[in-house]
Amino acid sequence: NCYIFNWGQEGQELLESANPGADFGLKMVLDIDQKEYIPFLQSTAAARIILHQQRSFPFLKDLGIYAMPGTETSIAVLEDQTQHLEAPYSSCTVDGSDIPVANIYSKFNSSYSIQSCLRSCFQEIMVKYCKCAYYLFPLLNGAHYCNNQEDPDWVPCYYNIWDTVSHREQCINMCQQPCNDSNYKMTISMADWPSAAAEDWIFHVLSYEKDTSLDITVNRDGIMRLNIYFEEFNYRSISESPTTNVVWLLSNLGGQFGFWMGGSVLCIIEFGE
């Protein structure tokens, strides 16, 4: 299961933190319910977490971090904002509209990112050469997901595309970084939770809250506590600026021209005298 907190979509009100610090952040108790795990499909028992901007698609598998059961995990967050210069100083994109790849994640009302562009590009190549779409990525318009009945050769075709360096380079060259981007730096600390002195009553309360009609027992192998908060409200802003623009270039050329032209005129006058 995947849950998004403070997504801000579909008219949902965004929640704001009043102050920095652990007392003013998000606090959760999670139960990963290992009894529901399917053998051979999942060998890791944990919750995977990612912090991202509103309207950015969360690529949890690639960018997430793990939180262990039986622990209290505190995540202190700092934000870095990066602003790149647009053309002609760089090849960054403002909103992805100038990228020759159709964003298959736009149907989720999500903004442009390099990850979404790379996956969209791969899906286009998959549909072009294998005649079907990869089942873990959203569908392109007019395409269908690969299946063994209609596309018996899709598996070797998929691995051939995945292992071909030229296809990856093609997508990397087309997918440019956004001109404005935000990253979240996380400081993570963990401690055993609950403590030996408190585990009896905590497990009893959590078992009761989970289901009052069934005899369900919560234990250390399935629960964890999460604290996510801003370390401080200040953020670091990294912005690019041109060392020389057209105005400065013309000004410098004019100054140099005037200096050397004036010196030349003086030399000619002195030589004439």
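Any Cβ shown, glycine's included, is placed from N, Cα and C.
Within the set Cys2, Cys175, Cys179, the cysteine that Swiss-Prot bonds to Cys92 via a disulfide is Cys179. The disulfide partner of Cys121, as annotated in Swiss-Prot and taken from the candidates Cys146, Cys157, Cys171, is Cys171.
Sequence-distant neighbours of Cys175 (disulfide bond): residues of the same chain at least 6 apart with a C-beta under 8 Å from its C-beta are Ile99, Val101, Ile114, Cys117, Leu118, Cys121.
Each of the disulfide-bonded residues Cys121, Cys130, Cys132, Cys171, Cys179 was ranked by the number of other C-beta atoms within 10 Å, and first place falls to Cys121.
The disulfide-bonded residues under consideration are Cys92, Cys117, Cys146, Cys157. Their Cβ neighbour counts within 10 Å are lowest for Cys157.
The two recorded residues, Cys146 (disulfide bond) and Cys130 (disulfide bond), have Cα atoms 9 Å apart.
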